[in-house]
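Undergrad: So Swiss-Prot says this about it:
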type     : residues  : note
TOPO_DOM : 1-65      : topological domain 'Cytoplasmic'
REGION   : 1-24      : region 'Disordered'
TRANSMEM : 66-86     : transmembrane segment
TOPO_DOM : 87-108    : topological domain 'Lumenal'
TRANSMEM : 109-129   : transmembrane segment
TOPO_DOM : 130-1522  : topological domain 'Cytoplasmic'
REGION   : 308-384   : region 'Disordered'
REGION   : 523-544   : region 'Disordered'
BINDING  : 680-800   : nucleoside 3',5'-cyclic phosphate 1 binding site
REGION   : 757-776   : region 'Disordered'
BINDING  : 840-960   : nucleoside 3',5'-cyclic phosphate 2 binding site
MOTIF    : 1223-1228 : motif 'GXGXXG'
ACT_SITE : SER1252   : active site, nucleophile
ACT_SITE : ASP1370   : active site, proton acceptor
REGION   : 1501-1522 : region 'Disordered'
Amino acid sequence: MADGVTQVDSTGLHSFSPSPSLSSSSSLPAVALSLAVSASAVTASYSISHLPPPPLPPVPTTMAGWIGWVFSFFFQVIPSVLYWIITFSTITLPTWLFTLFSMSLTFTMNFTTLLLIVLAVVSTISWFIRYRFLNMYSRLPPEPQRKEPQVDLFPDVQEGDSKPGLANYLDEFLSAIKVFGYLERPVFHELTRTMQTRKLIAGETLMLEEEKGFCLVVDGLVQIFVKSMRDGKSDTDEELHHLGAESSDEEHHIDGKQGYQLLTEVKNGASMSSLFSILSLFTEDIQLRENESSGSSSSSIALRAARVPNSIPTSPRGVMDSPSLGFQDHSDDTSNMITNGELPSVPPLHLGESRTPPSGDQHHQQHHESRKHSSRKRRKSVHPDIVARAMVDTTIAIIPASAFRRLTRVYPRATAHIVQVILTRLQRVTFATAHSYLGLSNEVLGIEKQMTKFTTYDLPNNMRGAALDRLKDKFIKERDRLGSEEVTKGIALHNPSAGRRRRSSSFLRKDAALQAKLMTPRRAATVVTPESAPAEHDTYGVSPGDLLSTIQSSRFGPRYEQPPAKLQTPLAEKENTHFRLPAMQARHTFRRQDTMDEDGLFRECILDCIMKGIGLTSSTRDALRKSNHSGEASPKLLSYDSRRQKAIFTNNAFGFIDPYEGSGDGETESLMSMSVTSAGGTSPVINLREELRNDIEIVYFPKGSVLVEQGERHPGLYYVIDGFLDVGVPIVDKGEDLVGVSKPAASKGSFPTLKRTTTANSVGAGGTAANDSRRRKQSRKSLYLIKPGGIQGYVGAVASYRSYTDVVAKTDVYVGFLPRASLERIAERYPIALLTLAKRLTSILPRLLLHIDFALEWVQVNAGQVIYRQGDESDAIYLVLNGRLRSVLESPGNKLAVVGEYGQGESVGELEVMTESTRPATLHAIRDTELAKFPRSLFNSLAQEHPGITIQVSKLIAQRMRDLVERPVTEKGVERSNAGSVQTATSTVNLRTVGILPVTAGVPVVEFGNRLLHALHQVGVTNGVTSLNQAAILNHLGRHAFSKMGKLKLSQYLADLEEKYGMVLYIADTNVSSPWTQTCITQADCILLVGLAESSPSIGEYERFLLGMKTTARKELVLLHAERYCPPGLTRRWLKNRVWINGGHHHIQMAFRLTAEPTHPETKRFGTVLKQRVQVLQAEIQKYTSRRIRQTPLYSAQSPFKGDFHRLARRLCGRAVGLVLGGGGARGIAHVGVIKALEEAGIPVDIIGGTSIGSFIGALYARDADVVPMYGRAKKFAGRMGSMWRFALDLTYPTVSYTTGHEFNRGIFKTFGDSQIEDFWLEFYCNTTNISKSRPEYHSSGYVWRYVRASMSLAGLIPPICDEGSMLLDGGYIDNLTVDHMKGLGADVIFAVDVGSIDDNTPQVYGDSLSGFWSVFNRWNPFSSCPNPPTLSEIQARLAYVSSIDNLERAKNIPGCLYMRPPIDGYGTLEFGKFDEIYQVGYAFGKQFLEKLKSEGSLPLPEETEEKKKLQRTLAPRRASI
């Protein structure tokens, strides 16, 4: 303290002032400063402690005082801290550094120490890089495989007894009359107002042939028996009356099976009447054939029309007994029969045989006295020898025959609709079952053959001679001009008025409709055409042999005579002149242009014969006129949109014959027809005849041309002018599908849409026909010939059936063709056409088909309803008519596994019925389904009388048992790894309806549906494909759209569409709460949930609605991408919360515009609008914030076959192409060359599966679906694997394997990164061997590198990979070529590439013992003749691949598998350095193999060959102007 002065200031604080000597000293400034600070601190503390305390400021008692005290404290402390920091950083720290650096240190160590230090540093760095930088693959977030979704099996709410009382009665009654289709309220009341009920006590019998009406069981159980054919027949009334009178004798008779056999048991809500008996009730007063003799004079027609009452039984008795007579004999026989007025007594028929009953002698005028007797006989002939017995006390309801007769008179259009519905179900239930399932082809085909006797009408005599020769000359000249190739398509005669009709058809139709509305009933019932000149017939002096006098006179007769004065009005006379003027002009034109009018007269004559053949004659029109005074309460007859017929007609040889384009709205058309009907008495006949005259086409087909193919919907009616048509059936060689109902009937590699256009020579080797003939090896069996004057396709075209036969031109044939659209217009305006067909069908029905029709039950089940449960007694076989069923196996532990799914045309339950065992699984309906129930009692009855049926069903069962036996071992378990494959295999087959549902509002489902529809058309769906949206449905329903009947009408319309088309797309383009969205969900076999990939993956409102409906249909997710790229992990985010997606997912590239508004915007609500806006904003923000590798796609599908919509279309219709790549180490590089050859050949790949190196190459191709990135990445990986340094650095102590597997993991991870299998553009899977559970596993989700690495893990070389506690090794140890699993995924054609090593099978003769020394010496001895024994490693390898070799041999024989093995045996497993060489070998082999397939015609691809280009040109054939 001597060097400074300390003083105290006025505040009581000490201050220190350094002395001048200390301040001037610069040697130790820091020391001086520190001393000064220390002295100051000591002095201050000493002074403060000894001096009296100064008066301190008062302690603050307020908040302001505390704040001031804190501020004063901080103003003193903070400056001192800052001062210390500054001094330390500027003075103290530099001083320390200067002292440290001025020091000198010396370290001494030897080289060993230095080396150890360096090794430690290097090891530390390498460990950090190896385990913290290069093994990023091990630090990925865990993403386990996605579990297979559980099977949805909701409780059956409809199980158990029905509701008691009145509700039970109504429910059972309504379920029974569903067979009539939708009924309007007046029609329903008309049917039920005279309904009667009847009580049957247990054991009471009922003679069904004596019951005059439609019978159904309301409560109880009734057994239906049939008289056995083996014990003789009982036809007389006395026997039947005695049988029905003595119930006790009858009971004993039936119980003892004395001559009767049980057909079926009828329970609550089922009908006791067959479909044919219902038709007979509607068609009592319908003629079988037109009375041609009465058509010679108009007066006779007028007289007969005046005498015809409301109900006349005028049906010939002996028409069915006459064989194929000459055409001139038909008129005489028929006229005599019709004059007699007796109805036919249809006898019991054996398999096509007929018995001739005696003809009646009553006269036509005595019909009133004989009506009851005739009706009773007719009813007996409709269902003879049928007896019903009540098992318990039963209540039945009977709708009497009088109700049906009155319904026919009061509501003829509704009657025709009911008849059409019954005819449709008759074909779907009875005919289809008998033909396809029971093998009763002769009985079914015999119906069409016998129908020709009713439809044969000859052309007039003067049109057969010189006129026909002139017609032939025109075609011969044109044929010579065109050449043989073009002629094979058929030549149509030029129709100059066809174009004018199409342009003005809508106007002409409305004009003629209004015209007919004002005409008298007499005039309206007359058909007038522009070519007919009524007044000038005698003026021109035409001879009686002229054409106009031979055309049906009834068309002109009423115009010659004076009508009754009370019916004639001046207005009608004025209106009639409107039609007479063109008639006079046409007559003069015939004088001037004989050739042109002769063609028109040919069309007139052909149309006359066709209309008489289908029952549209003058007498039927007159009879219809009396009762056709209603119609406002009847819906439109046709149950499908006629405008959609265009898509079908363009696919046949008559694509140029457009359907009626001017019809406009279908409902408007129906209303116009009904209003005209009620006003004028008939439909607008004049306009209809004019339209049909222009629709008639005269076509020439050369010998061998195919006019109609089996299974095709009839294009129309063919009237044979000259030549012969051969009707036959193709005979499939043995070894093919026996029945055709157990497998989808799709020919591989063919295009049915093109196949329908092969109207050329079917024997020729062109295009699809040649491929099909080679593939199926069919021969043909001729059934009967259609001669000139005959009509082909009557039943099929009028009733819209599919053809059971092929129709081939036996000779050069000239036919008149009337399109099916024209027939639909006829049936719509003249229901008598359908009634006539129904009458003819009931008259020629064989007894066997009648009994089958009685026993077959039409069953309708709701979505989710259980048909039978596992363990129930098997009482019936079920055939799917419409809808879809799923069979579910309930295993111990309440685990459910899908056994199979059954679509339209398939059957289930034969094995249990034949073996009388219990049901092996539970069967439930996926959606609303129509079934044909084939009871076991009917099967037993048929088996006793017709063993051929038993043989047919036994073949089906044997085929299914063979499939079960040959099912691979890998599919017999129900483990997680393969349960999904079984479900997928059955779910992708025979899909008939696909629902397209958006995830949320704003998804462009309409555009998506249109593109998918276009792709399905190009892929070629059997029988075509159509799409439905709300606009199409509203257009069809019209005024019934929002009524209860509209639902029934809609269900029938949708059922007809599913029968008509091979696939129907339901596009849900409405809001969530609309009924159409619900319909799309309930009608779908498969539901496609469409979402935008870049939008929010949250659950959408449509999905919530879908879940609320509890549908069990297959659900698939479709993600729409703006670019052909999927970021890693995107798909997993979508699938994570959607456990209900049980059908996989698809990535589709589709350019679209993001919009927040749906296609049909719903009601504007603030919450909904706000949510949509937020979603759009999220999507827009995600565009710029998401990490994406590239903003534009590097690889796009430039070839159409690689289009995403085509891939989805092939998956939906079961025509996917699979690629299976086998394992083999470096030999797998050949896979790259084979894939390139496939792309160059134009073969699309939809599913890829691989093993070992095949999984690596397959994953590369599935990622981008392009060869270019696959080639680059594969070559880079081969370079890494070919480096010996990497292999050497990865060596480890061989406790588990020789290497650690790190370098192998790195090579695979650098190739795939963090991508997941779900993100791949193509569907991909790889297989591994689970050595922990000793089973194969298939992986289709999770990290790619992980499961590809597991599939490539050779035992001993690389350690197994751990997955959920299990160890996975190379999948090739069990199955090196997974063709069977690929088949289970739904692939139709599979390319299997095998690159595995071939074992040395040289016989070994080294003896019973072996010395190792001798083995080594023998291996090095060049002169030894003994083969080298296998080494220990070779023996272990052969043991490991024993199972794989067995599966490989089985895979080669799987149908649809194309086995390929490139010549790569000379390359080793680890020779990755020979990449280019092995790649070229595979590429060359692939090109050679595919060229061979192409030359053989078995290349399954949509290739544009010259033959198919010719076929495509026939889609729009040219009209020959001759």
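Glycine residues also receive a Cβ, built from the backbone N, Cα and C atoms like all the rest.
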Undergrad: When DSSP states are grouped into helix, strand and coil, how many residues of the motif 'GXGXXG' (1223-1228) land in each?
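TA: For that range the per-state counts are 4 helix, 0 strand, 2 coil.
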Undergrad: Please list, in sequence order, the residues in the chain of ILE696 (nucleoside 3',5'-cyclic phosphate 1 binding site) that are at least six apart in sequence and whose C-beta is under 8 Å away from its C-beta.
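TA: Looking at Cβ-Cβ distances below 8 Å from ILE696 (nucleoside 3',5'-cyclic phosphate 1 binding site), excluding near sequence neighbours, one finds ARG603, ILE606, LEU607, ILE610, GLY816, PHE817, LEU818.
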Undergrad: At the Cα level, what's the spacing in Å between GLN904 (nucleoside 3',5'-cyclic phosphate 2 binding site) and SER1252 (active site, nucleophile), rounded?
TA: 40
Undergrad: Restricting to the topological domain 'Lumenal' (87-108), what is the model's mean pLDDT?
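TA: Averaging the confidence scores along the topological domain 'Lumenal' (87-108) gives 91.
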Undergrad: Under a three-state reduction of DSSP output, how is GLN952 (nucleoside 3',5'-cyclic phosphate 2 binding site) classified: helix, strand, or coil?
TA: helix
Undergrad: Fewest other Cβ atoms within 10 Å: which of the recorded positions GLU712, ASP872, ASP1370 wins that one? Let me know.
TA: ASP872
Undergrad: What does DSSP say about PRO920 (nucleoside 3',5'-cyclic phosphate 2 binding site): helix, strand or coil?
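TA: For PRO920 (nucleoside 3',5'-cyclic phosphate 2 binding site) - judged by DSSP and reduced to three states - the answer is coil.
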Undergrad: In the structure shown, which of the recorded positions GLN792, GLN904, GLN952, SER1252 has the fewest Cβ neighbours within 10 Å?
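TA: Selected from the recorded positions GLN792, GLN904, GLN952, SER1252 on minimum Cβ neighbours within 10 Å: GLN952.
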Undergrad: Roughly how many Å lie between the Cα atoms of ASP1370 (active site, proton acceptor) and GLU712 (nucleoside 3',5'-cyclic phosphate 1 binding site), rounded to a whole value?
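TA: Distance between the two Cα atoms comes out at 49 Å.
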Undergrad: Enumerate same-chain residues with a sequence separation of six or more from LEU856 (nucleoside 3',5'-cyclic phosphate 2 binding site) and a Cβ-Cβ distance below 8 A; give 'none' if the list is empty.
TA: VAL429, THR430, THR433, ALA932, LYS933, PHE934, LEU938
Undergrad: For each of the binding-site residues (ARG840, ARG936), count the other CB atoms lying within 10 A of its CB, then report the residue with the highest count.
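TA: Of the binding-site residues ARG840, ARG936, the most buried by Cβ count within 10 Å is ARG840.
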Undergrad: Where SER1252 (active site, nucleophile) and ARG936 (nucleoside 3',5'-cyclic phosphate 2 binding site) are concerned, what is their Cα separation in Å, rounded?
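TA: Here the two Cα atoms lie 51 Å apart.
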Undergrad: Is ILE696 (nucleoside 3',5'-cyclic phosphate 1 binding site) helix, strand or coil when read with DSSP?
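TA: Once the DSSP labels are grouped into three classes, ILE696 (nucleoside 3',5'-cyclic phosphate 1 binding site) ends up as coil.
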Undergrad: Rounded to a whole angstrom, what is the C-alpha distance between GLU712 (nucleoside 3',5'-cyclic phosphate 1 binding site) and PRO920 (nucleoside 3',5'-cyclic phosphate 2 binding site)?
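TA: Their Cα atoms are separated by 36 Å.
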Undergrad: Taking the Cβ of VAL888 (nucleoside 3',5'-cyclic phosphate 2 binding site) as the centre, how many other Cβ atoms fall within a 10 Å radius?
TA: 21
